[in-house]
Amino acid sequence: MWKLRIAEGSGNPWLRTTNDHIGRQVWEFDSSKIGSPEELSQIENARQNFTKNRFIHKHSSDLLMRIQFSKENPICEVLPQVKVKESEQVTEEKVKITLRRALNYYSSIQADDGHWPGDYGGPMFLMPGLIIALSITGALNAILSEEHKREMCRYLYNHQNRDGGWGLHIEGPSTMFGSVLCYVSLRLLGEGPNEGEGAVERGRNWILKHGGATAITSWGKMWLSVLGAYEWSGNNPLPPEMWLLPYILPVHPGRMWCHCRMVYLPMSYLYGKRFVGPITPTVLSLRKELYTVPYHEIDWNQARNQCAKEDLYYPHPMLQDVLWATLHKFVEPILMHWPGKRLREKAIQTAIEHIHYEDENTRYICIGPVNKVLNMLCCWVEDPNSEAFKLHLPRLYDYLWLAEDGMKMQGYNGSQLWDTAFAVQAIVSTNLIEEYGPTLKKAHSFIKKMQVLENCPGDLNFWYRHISKGAWPFSTADHGWPISDCTAEGIKALMLLSKIPSEIVGEGLNANRLYDAVNVVLSLQNGDGGFPTYELSRSYSWLEFINPAETFGDIVIDYPYVECTSAAIQALTSFRKSYPEHQREEIECCIKKAAKFMEKIQISDGSWYGSWGVCFTYGTWFGIKGLVAAGKSFGNCSSIRKACDFLLSKQCPSGGWGESYLSCQKKVYSNLEGDRSHVVNTAWAMLSLIDAGQAERDPTPLHRAARYLINAQMENGDFPQQEIMGVFNRNCMITYAAYRDIFPIWALGEYRCRVLKAS
């Protein structure tokens, strides 16, 4: 039986940790644990229901974890469900009951180490990289048990679209990138070309009907090349010599967004070596299955710039095509032969040194799933028996998540710190602190243990790294990459907890460690006042002209975002209430510049574009909250007035808000189909309007929204999983499974205390 293991791994000599694996979440199949008939029936029903409704509800509800926790942490008291009719008033008592039902449930799915585990899947192109890398290295059967493979196949079949293809993400239309990689994954997992009740054949037909695998995106071309199912000559150049350029040049990889450079780093190593894995019978068969013409007849030079129209979110500018053609025809031949080959060898050596630095300083987790499996493959290419390769293997499990739709690869090793920091703020907002003190105490302990306590070793400039001492990461301290808004949300949560007696929530964080966190936040402000994600913006937006990833937008540099900027303002204002003299002038100046930046980037309709959540409701929540924290109000700030008008204009007939992920792609507000409301969008809009003083002007929109949230709550106190709510790089959606509980709790908590009780 499958079981979610939390904070385990101390007995494994190939696992490294800074804090005893706190926050680690791994699904493990234990054949000795059969499970009760009731549990097995619940699991099977959940799987069957998902498959039956997979084209209507494409998002899983994370039920396997919930079934496990319902047995381990049964809810002591399930209060009667509350409903509010259209003709009825929303009363404080009904809101309080709804909150207690929600908090009773949400506390029951908290892990023993204090965080809330959950699904952080969504993208369909992540797991194929893992499967291809394991297949090449010969480790597939050692790392993936038959049960792992079965669940991965379940996931791939469940998320195949009606037309036979697969999307970039679970809710997206079919793309060549998703379809080819998912098809290849099924074949490498042992599925025959005509298995899956015709599903594999339907996938192949979609690929061939849309031009074959030569039309896959550049990332897909790279994966097929290392597998041996595509030729390196059909790739645009990924020269590792970029790492030898002087840093003063704007195009140096060290100036790029860390996710971008950390993906192209191992790609450039593999390209520089022209590495190809073992040509197995399956690979030879794929050469026949994936193309519309015989493999030996393919024009690989022409294939370099081919891309299916379904995948083309960011078409290559002409300048880029000229650049790649020049490198391909004139520069690459020189670097592949002596004496130019000596420069190539030096570049490859530089690349692998940076790969090892990244591996060692993330305990072999790596910044994300794409570079995780690429780095692992590079370590194997360098030396199949290396310690580095062996240290990579057990960390693969950190990225795998199991739900009723099957096993997927997550977009990070989880969202542990991020979700926990938000959860604390949500619970505190309800003013039911004593009742849920044990929950807050565990979360408090977890947040303190997730802080990064040291900078990375060596010369940070040489390794292109920012300071990290005092920061909070998105997931775990073992991952360790510092992020501006994660650090800010960590500070905010701790400042709230510091106001509560320690007998209830435990001892607060040492002041010096808070000072370190504030130092990280201050260090991440750009000259224009905005805050990027991991590092300062190190180059220019025109670098996007050389963005080779047709599928993603705005990936080349670390841009400033409304979310990061707002979170920084909120953190610094909450901090200075308790420590008014610490770096007073720097903090004051930082907040003023940040507020000006936020006003400057507001869209003319009053909204802010959200880059990490769907989309304008998310961005506008941060916009309003940041400006209010900076001392602005509806009365003295036209930006807040315009933002409120924008949100009120988008309220649905049901009383809630419901925004489609299409907003992210099109950069125009798009309602969910049928003008449906969504509990998460509704909560974001409510929180925005409450902060902007809507209750004093006209509380009716808030009452309508609260009614929708109360009526949406499920019988057990949980809230429903609706459409996907996370996004990255403009075009790819990602799951935040905890949002469905955190934000309705937070919105109803604020509504109860600041609207109903205040009136």
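Every residue gets a Cβ built from N, Cα and C, even glycine.
Per Swiss-Prot, the features are as follows:
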ACT_SITE  Asp485  active site, proton donor
REPEAT    149-190  repeat 'PFTB 1'
REPEAT    514-559  repeat 'PFTB 2'
REPEAT    591-631  repeat 'PFTB 3'
REPEAT    640-681  repeat 'PFTB 4'
REPEAT    702-743  repeat 'PFTB 5'
Recorded stretch, among 514-559, 640-681, 702-743, maximising Cβ pairs under 8 Å relative to the repeat 'PFTB 1' (149-190): 702-743
Residue distribution over DSSP helix, strand and coil in the repeat 'PFTB 4' (640-681): 21 helix, 4 strand, 17 coil
Packing count at Asp485 (active site, proton donor) (other Cβ atoms within 10 Å of its Cβ): 27
Close approaches to the repeat 'PFTB 4' (640-681) from elsewhere in its chain (Cβ under 8 angstroms; 6 or more beyond its ends): 171, 313, 602, 605-610, 614-618, 620, 623-624, 627-628, 632-634, 688-689, 692, 694, 701, 704-705, 707-709, 712, 719-720, 722-725, 727, 730-731, 733, 739-740, 743-744
DSSP-derived helix, strand and coil totals, residue by residue, for the repeat 'PFTB 1' (149-190): 23 helix, 5 strand, 14 coil
Structural state census, the repeat 'PFTB 5' (702-743) (DSSP three-state): 16 helix, 6 strand, 20 coil
Predicted model, mean pLDDT over the repeat 'PFTB 1' (149-190): 99
